[in-house]
Amino acid sequence: MDAEGLLASAAINLGMALVALSLFSLLKKQPGNAPVYLARRMAAAAGDRGGCGILPLGHGRLTPSFRWIRAASRLSDDDLLRRHGLDALAVVRLFKFGIKCFTVCSIVGLFILAPTNYCCEGLQDTPRSNSMELFTVSNVPRGSNRLWVHFACLCFISFYVVYLLHKEYKEMSSRRIAHLKYHRKRPDQFTILVRGIPLCPDHGAYGCCADHFFSKHYRTYQSYHMVHDIGNIEALQKLASSLEEKIKRKRDNRRCGFLKWMWFKLTLEAVDSHKLEEKLKDVHQSIRLLQPGLNSVITGYLPSMILNGFIYLIPFAMLGMASFEGCIAKSRKEIKACNMVFYFLLGNVFFLSILSGSLLHQIGESFTHPKDIPSRLARAVSAQSDFFITYILTDGMSGFSLEVLQFGLLTWHFFRTHSIGHSEQPYLYGFPYYRVVPTVSLAVLIGMVYAVVAPLLLPILVIYFLLGYAVYINQMEDVYEITYDTCGQYWPNIHHHIFLSVTLMQTTMLGLFGLKSKPGASFATVPLLVLTILFNEYCKVRFRPTFLHRPVQVAKENDDLNEAEGMRVGDLHHAISAYKPPWMRPTNFPPDSSSVQPLIRSV
């Protein structure tokens, strides 16, 4: 790609992003689009009538503005932690890491590496048809002493990234300890999940074995509670809630004035309330029939469609595979899916993109001669710098713009409003950690690998992380619901992704120095790689146990605080009742229903 091609690509992507963001700022101000763009705030203000207090009515509804970006920049980490939890803060810290890292790397790349590459005498034996190569390490001739400048920049970037990683890991570890201490009365801190309990041969129940084992070995044991897969009952309960809402709205319309009553009779909203009530009775009857302890069969998505699917669909497929593997908690499913998506993108977006040409031949040669892997990786990375520049431009500018615009959901809302009728129900979904974290981690990896090879990519990455930071702060505040909080257990995975990026950068440069006939710089890179690996092992010993287990220090402090407040162990019955699933509780049947109790009682 020449300079004109890069500028054209940047102009197109930035122009499309500007149009999409301007359109978003206009559409967000329209009250009818509140279920799409203010879903979280509408759900939080459900107590108010219609949630009208949160709608952006009044001045400036027809003029675009970017005040939401300014509001996102003003949100502090403490406010974010208080409103959305430590997992959301981990995602935001990932964006901040990218901003801090690649801002400094951009300064080094633009003022040191790019002039060094451009001012070289170039390759004399090969014509340079690509003008963008003038600013890459490909323009440096073999054996040139200027390669020591690249080695010095590699060392600086490596140590700076290690410093940032240590600082972030230490900060997140301290925040996790404080977060656990602040939420010391959460039910999950007093309960454990046990699977594979044997069936009691005498009574034919699982609870007997659990009760006997824990009461024998644990003095603080209180009781047990059987949890079940809610399966189809959850979908039926959502349908029942929707029908109840429609019936309630129609009853309110009957009490309004004559003109409004006639309007609802003439529009598509005029569905017979009696039919809705009959349908609601049928749904409740289905719920009562499904309430054995009947466990739903766990299903997952087969990986056969992954390779031929779109990248947008990959996280959902990986989430289904995590469910199929037996992960029960939603947080565990998404953490598992997050790692699976990252490695899938690493293999299919990064490696398959740089290994152009005869892919099978190169893979076979790599296995036959493993010592040549760094040089082959360096040769492939140098040849694909243009592709990844355009990839970051497209993924960042278009991807983040479409994320905040919510084009698909907005289109569905438009057709639904003009066919079925306007609905005040917000489109509320959980925050997609499993989709955001691996995609952004891949951008970090690409930036690390090309930090010394193609420094012109670095300023584009700064824009990528700045825009992504503003977009996802807005989505957390207004759109997505935080459905769980693992107290920051996403951060060890993020740290591992960044560590892998640094080691891949150093391995690439080790091979590149070899290709450039600079064995001294190549051998000097080996200790740098070893030090990075040792740093990662140090982090595993120093910080990772805090995220995998409850620290003893925190548990002791929590016990002392509970004792000082007079909280006894016997008063922790809420930790048991908190895990009673909604479908085991009495349902709100119509008044003429024969029973309001579930068919089976909770244990």
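Every residue gets a Cβ built from N, Cα and C, even glycine.
Annotated domain 'CSC1/OSCA1-like N-terminal transmembrane' per TrEMBL: 6-168, in sequence order. Residues annotated as domain 'CSC1/OSCA1-like 7TM region' in TrEMBL: 283-513. If you look up TrEMBL, you'll see 6-27, 90-114, 147-166, 341-360, 388-415, 456-473, 494-515, 521-539 marked as transmembrane segment.
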Q | the domain 'CSC1/OSCA1-like 7TM region' (283-513) [mean pLDDT, rounded to integer] | A | 76
Q. For the transmembrane segment (90-114), what are the same-chain contacts with Cβ under 8 Å, counting residues 6+ beyond its ends?
A. 77, 80, 135, 137, 149-150, 153, 156-157, 160-161, 164, 168, 171-172, 431, 433, 436-437, 440-441, 443-444, 447, 451-452, 455-456, 458-459, 461-462, 464-466, 468-469, 472-473, 488, 490-491, 494, 498
Q) What parts of the chain pack near the transmembrane segment (456-473), using Cβ distances under 8 Å and only residues at least 6 beyond its ends? A) 6, 10, 17, 68-69, 72-73, 75, 80, 91-92, 95-96, 98-99, 102-103, 105-106, 109-110, 114, 132, 135-136, 385, 388-389, 392-393, 395-397, 400-401, 403-404, 436, 440, 443, 446-447, 450
